[in-house]
Number of protein chains: 2
Amino acid sequence: MRPLQVHTLFLLGLLTTAAAQHFKRLGTCPTLGCILPPDQTDFYPGQLFDVRVEVHAPINGSEASNKGVPDEKFSFCVQSGKNGACQDAAKFFGVHEPALEKWSFTYFEDLFAQDANQPTLVNVASKVYRGINLKKAGEYTATLKYNGRSETVASWVVRSSSRKQTAKNVLFFIGDGMTQSMITAARLIGHKSINGRYQSLMQLDRMDANGIQMTHSIDSFITDSANSATALFTGKKSSVSALNVWADSSPNSFDDPKMETIAELFRRRRKGGALGIVSTAFIGDATPASLCAHTRNRNEEGAVIFEYLESPEAINKTFTWPTNCEQPDVILGGGAEAFLADQVAWQGQDMYKAYRQKGYNVLFTGKDLNAANPKDRTLGIFCTNNMAKWVDRNIIPGNLRNQSNSPTGDGTDAVDQPGLKEMTLKAIDILQARADKNAGWFMMSEAASIDKMMHVLDYDRALGELLELDDTISATMDHLKKIGELDNTLIVVTADHGHGFDVFGSADTKYLTQQSTNILKRRAVGTYEASGSSEFQVAPGARPDNATIVVGPQGPSFPVQWDPRYKLAAGFGANPDHRENYKLTDSGPRLPAVGMGGIFVTNPDDNTDGFDVSGTLGGDEAQGVHSLTDVSIFASGPGAEAFRGVYNNIDIFYKVADAMGLGA
Amino acid sequence: MRPLQVHTLFLLGLLTTAAAQHFKRLGTCPTLGCILPPDQTDFYPGQLFDVRVEVHAPINGSEASNKGVPDEKFSFCVQSGKNGACQDAAKFFGVHEPALEKWSFTYFEDLFAQDANQPTLVNVASKVYRGINLKKAGEYTATLKYNGRSETVASWVVRSSSRKQTAKNVLFFIGDGMTQSMITAARLIGHKSINGRYQSLMQLDRMDANGIQMTHSIDSFITDSANSATALFTGKKSSVSALNVWADSSPNSFDDPKMETIAELFRRRRKGGALGIVSTAFIGDATPASLCAHTRNRNEEGAVIFEYLESPEAINKTFTWPTNCEQPDVILGGGAEAFLADQVAWQGQDMYKAYRQKGYNVLFTGKDLNAANPKDRTLGIFCTNNMAKWVDRNIIPGNLRNQSNSPTGDGTDAVDQPGLKEMTLKAIDILQARADKNAGWFMMSEAASIDKMMHVLDYDRALGELLELDDTISATMDHLKKIGELDNTLIVVTADHGHGFDVFGSADTKYLTQQSTNILKRRAVGTYEASGSSEFQVAPGARPDNATIVVGPQGPSFPVQWDPRYKLAAGFGANPDHRENYKLTDSGPRLPAVGMGGIFVTNPDDNTDGFDVSGTLGGDEAQGVHSLTDVSIFASGPGAEAFRGVYNNIDIFYKVADAMGLGA
């Protein structure tokens, strides 16, 4: 269920390196001189960051220069404002002149070069300036001079900030991969409509403000969750797989120039404020990691877990990085393998022990979570890998058996996993109990498996996760009201990217599965008037257009039945070869494609009575992929109106920081 | 290029009736007694409408009753408010007791019944009350009693209205089929991004307010353009193919109960106000028709054109319908075939002549439009069928040749067709010149071929239409400012429905077209980091990540090049069998599938060097289909803030009516 890991599994296959290649020398550097942070970077006043400059000399390829010898005598200066001198960078930043670093790397210029195995070799000379900040709002110009007269210029802007706090607390929900199309589909299955009028609405439909945000990366128009979460939480664009760093070209994943996150800034500037991280993913996954970790490689899961606990400086003593998450007050999610000694944990350590030594109450079950003392710093790890899906926990609980995924590593099943709602509500209580009076708290709560289930084309489970998120937001608002914090809390809900999912009709699954050929099965799809009414909100056996309002076993805002005869016919825009029957996969999350002969092809065991759908992706893709679409953002509470309009994902960081009054 | 007509062409095929069937007896009537307007209908105070009641008696099938004899002694009463008596309807409405009508119809209960050719026969007894209105805001309850103790109850609400006018003029733009995913893709090709920061934005990104609207039909969750435009312009949900009527079960397309449109209401209540209709479709197409026409069947193109000119009463003298569009001041678009004698024109008449007799200046070219006196009532028809696409007009103008589509019917080519921008700007001048002082105007301007090109999976042309719409909005705002009307004009931009389109990566078309097999061609698709930067905004031959800002031949906000090596890889969610190479189809709009052996299969002449993509639709579908997704709505000018939030498409009618102060 982890896209990048499934990828990795197949790296030895025939067609596997296409998606792993940039076909760019370095994304943010179209010329041979590179400045990170690159041109067009914005900062919050005083926000910490590193600066790296690189000079490239390709030995071969279309940009071969200097016989592959990079200019080591480059100069780098920074100018404040429009007038005045460009001052030597070390002096400007007030740091020692950094040592020169040198390395080389290779890349393929395009698919033809890759097929011919003709990489381009690039030699690099570089310097890095650590732990910098710019306090004064305004424009800055950084200039790198190299190869005689060549020049690379980066314009930076320190935005002005608000010191006036409008929100004591911020609760930031991420529906990973959640698009408006998915919200529309979730509304259709979770809410009853009579003659085109919904009888109830999603909580998302009823927030104070809504906007639209653009999700693309710094150097590719399709993003992954690492760099889009980085954008949300640092106000900086970055590259696929990068967590709170600008990707440099060096081989070390941890030496890339870093940027301070909203969590780190909150810890520095709101003394006594409490910090919480909740996710239904493994807790070292990209989105939760984006609050505290700094690495070029999101797969460094062990380091991510280590970095919640320790400063990044502890990973490499040669770095200066004078800010960190200072041990979040509550961390809840999956991913026990990164805590268990001798698995993927940092340096093979028992990280449960390391967390206990720092004062964490370590929990493994929903029952323990419920009973936990909210005054304790709390780590709740409820399974290995990602947490169970809402549909499996609530509709087919037998699927939690035979998983050998106990968070204790004892090989038993993690059958008592809390849901996003239970985790979020308990986390609020912990944050409330642990925050100093009036200091407030910041929490990120992620519905991670909307994305994970869309990747495997399992729309039933993806929409289940989305409805759980919506129910969680609603329950959270009720809870905040009860404890008197609703008016103090800014709630923001958004996604980090989309998937090209949309519903285009209904499918008569009874008819579909009884037909003998692909083209006859496809007849089961009803479009336009034949899409009819949603059968998810009628009692089993009732007509789809039955106007009676029924409440299902999971309560209102969830389907009355999950797998009616007439299902939604949906497409994914991009997919591997697979088979479609539109029925709920009752054995657990779908596996649409499997590796065979060096490529991914239709899983012969999936939807055996469905029709064949040919893939639109390279044979190295086992799953669906992320898409370009803007995503919706919703906000309620103090400062919500700032989230109206259409803007870039990086702007969200500044809006949140301003709401919390983090301007020094 | 007309979805429904392409459908019709194939009605004799093997697998063709699936999508033409409701599998519902009558969409709004789950029981055997039907009230139209059905339960959950809202009205504007004084808005005109018809009422029909039907009692059904199926002879066979799962609901067979009364041996197929409908109760002719049904009673129908209406109650105002919660208390008081339910008064006989004719008395309540102040009309004569209508005559009893009787008919029968058949339908298939599901696909199995259809395959077995076992229709259900339903006999009907009915009455209709014409030209009703409810003046007082509040709740009403209509009750139909039949078959002894059976009862159908409909709750109606007359919303309270604003009499205070906030906007003198309303300009309502429709991007037909336009989703936020398409806007995102259009932004990517039309605007330059450097390091993840757009250097310019769409006009849509810069409007005063944005919201989200739900598009579903009254009785199916996927809508077509007829009933969704009906919702936007009457505040009433209806059925696929219905224009400003609730679909009844009778065979006559023109006797269905009608509802008054915003245009009719504006004509009645804003004396001296001017009315304009502009579309790049044939002007009898569903969206433009939705302002004035009333028919169960959107394909009644001749009647639509007739109804712009005459009251619906002229179609059938037995009807009472005391409102109409009173000959819009300006009508601009395509569709000459509905004006030419002996083609699809109403009763074979020369409709140009009929329009001239009513005082219209009739125009056929962009040049004529430009020169036209704005004081004249104006009809501009610039071609047969839909108008030429922006890409063809601007990038490949040779595609306007050999079309034999002259609006005069002389068989020559319509080579001088204005674009949406030219039509909209001229229409504004006409409305300004013709409106009484301070009476203002209402105009609908439609970018119709976003939808039409998405239907044929031609994303290049669809995005060209979208960029033209955006450019039109921008130019319109400049023009309104220049003439001093910007602050008086509410501009609303939205869509009527979506298509499941999204971009999921880039495609190296050079590599793709040189490979020999499907799976090798699919390697050309780069996802995530390999999606890279958009090459649409760099000069031909420059690297995709080139940071120089270049302006293309069509000016800013359009691609610098339309068919670069690295194109967008996009999917459609639902599609017929076809072949994909992601290149611009340079012979004109795509034709992805053709009929062969009774089903639609991949067009052997389309994208011959592409890879095969198997369809996900029934073999009767020649094209992609509409999708479920909510669509965005944007507004600027007086009253714009009312368009924030998440709501049903019907709500838009009330917001617009209130902005214009049409509350009597």
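Backbone N, Cα and C atoms are what each Cβ position is placed from, and that goes for glycine too.
Residues or ranges marked as signal peptide in TrEMBL: A:1-20. The Zn(2+) binding site feature in TrEMBL is assigned to A:Asp176, A:Asp451, A:His455, A:Asp496, A:His497, A:His626. The Mg(2+) binding site annotation in TrEMBL covers A:Asp176, A:Asp285, A:Thr287, A:Glu446. Look at TrEMBL and you will find A:Ser225 tagged as active site, phosphoserine intermediate.
Same-chain neighbours of the Mg(2+) site beyond A:Asp176, A:Asp285, A:Thr287, A:Glu446, judged by a C-beta within 8 angstroms of the site's C-beta center, are, in sequence order, A:Ile174, A:Ser225, A:Ala229, A:Ser279, A:Thr280, A:Ala281, A:Ala286, A:Pro288, A:Ala447, A:Ala448, A:Asp451, A:Asp496. Chain B comes within the C-beta cut-off of under 8 angstroms for the following of the binding-site residues A:Asp176, A:Asp285, A:His497, A:His626: A:His626.
Put simply, A:Ser225 is the one of the recorded positions A:Ser225, A:Asp285, A:Thr287, A:Glu446 whose Cα lies nearest to the Cα of A:His497 (Zn(2+) binding site).
A:Glu446 (Mg(2+) binding site) and A:His626 (Zn(2+) binding site) have their C-alpha atoms 17 Å apart, to the nearest angstrom. Cα to Cα, A:His626 (Zn(2+) binding site) and A:Ser225 (active site, phosphoserine intermediate) are separated by 9 Å. Classification of A:Thr287 (Mg(2+) binding site) by DSSP places it within a helix. When the neighbouring Cβ atoms lying within 10 Å are counted for each of the recorded positions (A:Ser225, A:Thr287), the highest count belongs to A:Ser225. Of all the recorded positions given, namely A:Ser225, A:Asp285, A:Thr287, those whose Cα is no farther than the 10 Å limit from the Cα of A:Asp496 (Zn(2+) binding site) are A:Ser225, A:Thr287.
When the CA atoms are compared, the recorded positions lying within 10 A of A:Asp285 (Mg(2+) binding site) are A:Ser225, out of the candidates A:Asp176, A:Ser225, A:Asp451, A:His455. Annotation note: A:Ser225 (active site, phosphoserine intermediate) sits in a helical segment as assigned by DSSP. Taken residue by residue with DSSP, A:Asp496 (Zn(2+) binding site) is part of neither helix nor strand, so it is coil. In this structure the alpha carbons, written CA, of A:Thr287 (Mg(2+) binding site) and A:Asp451 (Zn(2+) binding site) are 11 Å apart. For the pair formed by A:His455 (Zn(2+) binding site) and A:Ser225 (active site, phosphoserine intermediate), distance between Cα atoms is given as 13 Å, rounded to the nearest Å. Calculated from their C-alpha atoms, the gap between A:Asp176 (Zn(2+) binding site) and the residue listed as 'active site, phosphoserine intermediate' amounts to 8 Å. On the backbone, the CA of A:Asp451 (Zn(2+) binding site) and the CA of the residue listed as 'active site, phosphoserine intermediate' stand 9 Å apart.
Cβ neighbour count for A:His497 (Zn(2+) binding site) (all protein chains, 10 Å cutoff from its Cβ): 28. Other Cβ atoms within 10 Å of the Cβ of A:His626 (Zn(2+) binding site) number 29 in total over all chains.
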